[in-house]
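TrEMBL has this to say about the protein:
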- Gly77, Thr80: Na(+) binding site (BINDING)
- 6-24: transmembrane segment (TRANSMEM)
- 36-57: transmembrane segment (TRANSMEM)
- 69-90: transmembrane segment (TRANSMEM)
- 102-120: transmembrane segment (TRANSMEM)
Amino acid sequence: MTGPLAWLGLAAGGAIGTLLRYILAGWIARGTTTFPWGTVGVNLIGCLAIGLISGHLDRGALIAPALRVAILIGVLGGFTTFSTFGLETFRLLADAQLARAAGYVVVTNLGGLALVWGGYRLGSLL
């Protein structure tokens, strides 16, 4: 669904998800070591949430398309894009596309790390 209603839902959902991430990651990480427990916690909670919601919706739950976009892309996208990565990998595995799932995991993780490294190096030269 596209249009002003979907865009408004995305923006509102993104704001809610971002605020939830900030609060929850800080709460999880309080008093911990330098390990990023807040990020790990938020990513895992986001994966659980997108799995629960998608599983329910895929069973035929009735929900307005704009609300679906607002929740799955807006709220969870603002909360963590890792949940989308988890769901997409799960769907590839569920469709027995093992090579594609493995490729997606490898390219996303190694490619992401390589681009962070390259961006960091480039940024340090500016």
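Using the three backbone atoms N, Cα and C, a Cβ is placed for every residue, glycine included.
Among 36-57, 69-90, 102-120, 69-90 has the largest number of CB pairs under 8 A with the transmembrane segment (6-24). Look at Gly77 (Na(+) binding site): DSSP puts it in a helix. Spatially close to Gly77 (Na(+) binding site) yet at least six residues away along the chain are Leu10, Gly13, Gly14, Gly17, Thr84, judged by Cβ distances under 8 angstroms. For Thr80 (Na(+) binding site), applying a Cβ distance below 8 Å and a minimum sequence separation of six or more within one chain yields Gly17, Arg21, Val42, Asn43, Ile45, Gly46, Cys47.
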